[in-house]
Structure formats: structure tokens, C-alpha cells
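**Q** The ATP binding site annotation in Swiss-Prot covers G188, D189, R190, Q191, T192, G193, K194, S195 and is backed by similarity to another entry. Sequence annotations record features per position, and here Swiss-Prot assigns site 'Required for activity' to S382.
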Amino acid sequence: MQLEKMLTEVNIERSKFNTYNVLLQYIKAVTQKYNLNKVSSKYGKVLFIKDGVVKVSGLSQIKIGEKVEFVGKNLYGMALNLEATSVGIVIFGEDTAIYEGVIVKRCEQNFAIKVDKTMLGRVVDVLGQPIDGLGELKDTKTTRVMSVERKAPGIVTRKSVHESMLTGVKIVDALLPIGRGQRELIIGDRQTGKSAIAVDAILNQQVNKDIVCIYVAVGQKKSTVRRLVEMLNTKGALEYTIVVVSTASDAAPLQFLAPYTGCTIGEYFRDEGKHALIVYDDLSKHAVAYRQMSLLLRRPPGREAYPGDVFYIHSRLLERAAKLNEKYGCGSLTAFPIVETQAGDVSAYIPTNIISITDGQIFLEKELFNKGIRPAVNVGLSVSRVGSAAQSAVMKKLAGALKLELAQYRELARFEQFSSNADAVTTQILKKGKLTIELLKQVNNNPMSIGLEALMIYAMGTSYFQNLDLSLVRSEETKLLNYINSIASFKLYAACVDAVKAFNPKDTVFAEMCQSYVK
């Protein structure tokens, strides 16, 4: 009787009776009658949960990267694995409230955050919510809701890098110039000063404050982030900086999303025709977080246990840094990704991936750092592929031969260890190389203006500095800088030297400055 009732309900002829066909047609008919397809595509149910990753049934029409809500739990997640009978979802937050049977709802959109100018000077989490205890962010007329996953600017919208992005670090601005819209990797072992260079670049924008800075802390300790924020605030740099934080205690999905959130904030200002600088500190921890998520989702591991698409997660992030042309507002987004190496191995998987994506790298060496050469930049392994087009005429002229001189010094310094009987030319090259290295040293959190940088490089070639004892070089540099800042005309020239279009070292105010100081 029950079978007859089923057949009648779905209008199946008795002659076509077959147990399998009846059940199949019955399911289809009931699904259509009660519109269950729509319900099952929008809602799902947790099958099991483990280590922040859940398997969900239903959600048949969900897309990769789509945002989902755990109903009644005030928690969100993102779909990363689409399988035949289930969906793999990572949770953005604590998973203690999630259990088998919890209802999951599609949000039918990718993760998005609210972005506005009011974020300047604030510390926010991955979801764009303030965590600095200074109150909520209020919506204004300029507030935009932007997806954290956005397509990189196309070829037609871009313009070649041609404007300088000064870091305030002598060795970088002279030998590894960076332009607005460039992606320059900072790479090196742990505790070699990688973050210090990026932070100096942020502090250096205080001169004209026309660049908005975003610092993305991925997997950092809370105490480290707190010290950074306090230092930026003390130096007056926090007012044009936004700090996006995902600490080491946060779940892997939050650490994974942090760089994309920071990039979206930077794109907001870039699209407004402004200039932005973003620091990703660091993408090694970002890759580890993604590896953790992928292994929990049972994705097949590849080299160093990273999933096959680990290159893509970084390329799609870094390609969003660009210099836009006049039609699209002339804005720019400059990226400083940071990568940590193990024992100086730049041939590891993640370092080689990011080196191939970026427009150059600043390589910091542990050996140089331990010798007291700071910033510990290895000039031979470092390069800036597009920044030379943005370098000022003054710096280009003065620093032209500097890299060659340093290379010659490094080559001869190796032989100096084995032989003390060097000819006069070799002795001169070695002495000048040591002087140059001494003058290129710089204290952390003390960026220099382009004018003062150019002056110090000019001073390297003067007879006064050439004849100085190496132990006196740093103190003489400090005295010279104080002297320049005490004379209004010199200080004014140093401030506007970046705008000088043509430069002749023999006929310059620099010569007058140095001669005046020596007298």
C-alpha cells in the first residue's frame, strides 16, 4: 500500500515499475515539488570538525572562496574544498562553538571588508575591525565595501614605474632604488634586520605624508606588534599608517587572509589616486598557514609539503601592487614582502617563488650582521630591476660607480686575508671600500632625507673623508649632518635635491657644504 501511495503521488505508471527507477523519480519529484534544490544549495550541515576545518553536506552550488556563516554562532568561514558530496570549509575564529549538526548558510559573496580613510592611525584585525581599544570605525560618505580577493590591474590600466619611493636607508636608495608601484622583496635569515628596513621606509614617509602605509603582521607575537605600534606612535608615523594584525595565536585561516585584507586597504587608496606602501611581514608564515590549512583539507602535498597552488596565492597577491596611468587616477601601491630564509638558503621553495614574482630583492646576510655591518645588505645578491627608472638625477650620478667599487672591494678583501703584501692600487681600493661600508652603515629607526643621503655619498669621495681613520668615520658623519642642519641654506638645498633634473658633482652646493665644514 505504501508503494502504491508513492507511485500515485508522483504519477508513475505501474507498467514502468522498477524499484530503483521509482525511488529515483520519487526523489526528483519531491525535490521539485518542495523546491529542495534551492534549500540544499543555500544551507548545509556540519558533518565533522577537526583543527579549525569542517566538512559540510549540502551547499551544492557554493563557489571556491565563498563566505559562509555558521547560523547562530556569530562565526564565519570560507569554502576551500569542493568535493562530490561535501564542502571543506575553514573557520575564521575559534572552533569550540562548532559541532556536528550545526547549520551552515551561504553568504553568496566573497569575504569583504569596509574600508575608509578613518582607518588611518588604527590597528585592525583581518576582518577590518579595530582592536586598539579606540572605539568603533564609523561609516562616512567615502566608506566602501571591498572584497579581499580582487583582480589585479590589467596591462591597459598600468604605467611604468617612474616615481621614486624613498626609504631613508642610504644603501637602498643609492644602490637598490625603489619606485612607486614596485614589488621589492626583503629576504634574509631571522634577526638580520628585515623588518627594520621596512619600518624605516614607513618612517621616512613622514617628510611629506603623501604615501599611506599599511603594515601587515602575519603570525607575529602580540608583544612585537605592540612595540611596533608604540614606536610608530612615538615617531609620529601612526597617523598615516594602518596596522593589520593576525598574531601567532590566531587560527591559520586568519593568518592566511591577513595579507589580502591589507592589500585591499592599500587598493582603496590607490584607486582614489593616492600612493600607498604595504609591508607583508612575513610571507613565510603566510605560506606555512596555507600549508597547514591544505594538509587539514587532505590536499595532496608537494615540495616541502606545500600544496601545488602555493605559488598562485603569492602571485595573485603581489600582482595587485601597481602604478596606474592617468586615466585611472595615477595612484600606486608599492609592496615590500618579507621572507625569512633558513641558514641563508635562497634556493628554498618559498624564497625562489617570491623572487620570481617580485621586481627585485634586498638580501640581508647573517655574516654581515654579526660583523656589525647594518643594514646587513649583500649588494652582490641584491637587485632592483625597475627602480633605476625612478631614481633621482643626483643620486644616479653620485651612486653610479658605488656598486662597482663595492664589488671590487669584496673581491680583493678575500685575498687580503691570505696576503698582506698588496700594491698601492689594491691598498687604495681596499681602504676606499672600507670607508664606503662604514659610511653606508645606519642606525635603525633613523631614516635620512634624500638630500642628506646624497651629501654623505658625495662626502665619501672627498679627500677629507678619504684620509680619516675608520674609527672616526661615524662620528664625523654625525657632526657633518648636524652642521648641515644648522645652516638654513644648506638644509633647504638638501630638502629639494630630489627635484634637481641635472647634476654636476664638480659644480654643486655639496662641494661648498663639505668645504665649509672642513674649515
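Glycine is no exception: its Cβ is also placed from the backbone N, Cα and C atoms.
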**Q** Per 10 Å Cβ neighbour count, which of the binding-site residues G188, G193 ranks highest?
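**A** Most Cβ neighbours within 10 Å: G188.
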**Q** Would you pick out, from the recorded positions Q191, T192, S382, the residue whose Cβ has the largest number of other Cβ atoms within 10 Å?
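**A** Checking each of Q191, T192, S382, the winner is T192.
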**Q** What are the non-local neighbours of S195 (ATP binding site), defined as same-chain residues 6+ apart in sequence with CB under 8 A from its CB?
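**A** D281, I338 - these are the non-local Cβ neighbours of S195 (ATP binding site), listed in sequence order.
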**Q** Round to a whole number and give the Cα-to-Cα distance in Å for the pair G188 (ATP binding site) and S382 (site 'Required for activity').
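**A** Cα of G188 (ATP binding site) to Cα of S382 (site 'Required for activity') measures 11 Å after rounding.
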**Q** What residues, ordered by sequence, lie under 8 A Cβ-to-Cβ from K194 (ATP binding site) and sit at least six positions away in the same chain?
**A** I186, I187, G188, D281, D282, I338, E340, L364
**Q** Per DSSP, to which secondary structure element type does S195 (ATP binding site) belong, with helix, strand and coil as the options?
**A** helix
**Q** Counting only other Cβ atoms and using a 10 Å cut-off, which of the binding-site residues D189, R190 scores lowest?
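**A** So among D189, R190, the binding-site residues given, the one with the fewest Cβ atoms within 10 Å is R190.
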**Q** Starting from the ATP site formed by G188, D189, R190, Q191, T192, G193, K194, S195, give every other residue of that chain whose CB sits within 8 Å of the mean position of their CB atoms, in sequence order.
**A** E340, L364, K366, F369, A376
**Q** I'm trying to understand the geometry here, so how far is the Cα atom of S382 (site 'Required for activity') from the Cα atom of D189 (ATP binding site), in Å to the nearest whole number?
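**A** Cα of S382 (site 'Required for activity') to Cα of D189 (ATP binding site) measures 14 Å after rounding.
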**Q** Using DSSP and three states only, what is D189 (ATP binding site)?
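**A** In the DSSP reduction, D189 (ATP binding site) maps to coil.
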